[in-house]
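As given in TrEMBL:
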DOMAIN    13-291  domain 'Sugar phosphate transporter'
TRANSMEM  25-46  transmembrane segment
TRANSMEM  58-78  transmembrane segment
TRANSMEM  84-104  transmembrane segment
TRANSMEM  111-130  transmembrane segment
TRANSMEM  136-156  transmembrane segment
TRANSMEM  177-200  transmembrane segment
TRANSMEM  220-240  transmembrane segment
Amino acid sequence: MPGPSSKTTGYSFNKWVLQTTTVPLFFLFTQLVIAVVLFLASHAVGLVQIPLYIDGQLIRGLAATVGLNVVGLSNFTLKYVDASFYQVARGLLLPFTVATSYLFLHSRPSLRILLSCSVVTLGFFIGVFLDAIPISSLGLAFGVTSSAITAVHSVVIKKSLEVVHGSAMHLSWYTNLFSAVLMIPLVILAGELPGITELFFGETVAVFPADGGLSPLSTFIWGSLITGSFGFLMSVASVLSIKVTSPITHMISSAVRGVAASLLGMWLFNELLSGGRISSIAVILAGSIYYTWVKHVESQAPRSDANSTKYERVPLEDVEVGNGTPVKPE
């Protein structure tokens, strides 16, 4: 299973490609196709076993997961903001995920969990309002929306596992396959066909230009191959992470990777890290670490009847195994 460095590298390569192309949805489509091909190749050589049947019940059961996977907007966020600001733009991921778990899984957060969310939210606003470096309002909007979608997606994936009889591998396979198919009309509706034509048949079509640099097409090809391969590995790893942990615990690893991506973006793309941006990332990370500590403490402390009468909190872990409040789904 790939570690944090794998996904962090994926962020950087995504940014590298999106800096030179104008077709973010087609780029996502290419990544999905590569992941599907890798699934089929792995199945052919016996590395993994994936089902090759499709029916209406399966499509209906996974519709929510596929839809949220397609409209994640992460690529749009990276396109319009610096890689070093990506973590800040998606800084509301933890509060959104806690809220989503409460709404869909009926998991009541403790006061200390709410405090950690408040710290993370404070870090987000520090980055937005106290950053001396101009930021794209459109990129920020994409980041906030992407965070909300990712939060819902984490919960929906948890519920979608029931459709594939609990197999995380099968869910990852079907999600990539259906998402690739769904991307075809979206690419057309988004008006990216002229950009695709220019990319493959325009004046800069040469894969290896005479000046020795990389053309937009060569950047797109190499970036797609690298990020598509990382996507294949990380899609499996992410689904497995959500299966064996809670949706919020899965999100924590994403937050830490985001910080690493910010530092890598500064190094690779010569981006600036202002005091406000550094403070924002530090506060967001501090809130996430505090949340992790609180979750650990709460998981170790036995629940007493006295405490339950004061504050009836249903832990997410109990809901996931069928205890506590019935659940009602990324």
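Note that Cβ sites are derived from N, Cα and C of the backbone, with glycine treated the same way.
In terms of C-beta pairs under 8 Å, the stretch of 25-46, 58-78, 177-200 lying closest in packing to the transmembrane segment (136-156) is 58-78. Below 8 angstroms of C-beta separation, residues 11, 14-15, 18, 24-25, 27-28, 86, 89-90, 139, 142-143, 145-146, 149-150, 152-153, 156-157, 160, 162-164, 171, 174-175, 178-179, 182-183, 186, 329-330 of the same chain, each at least six residues beyond the ends of the transmembrane segment (58-78), sit close to that stretch.
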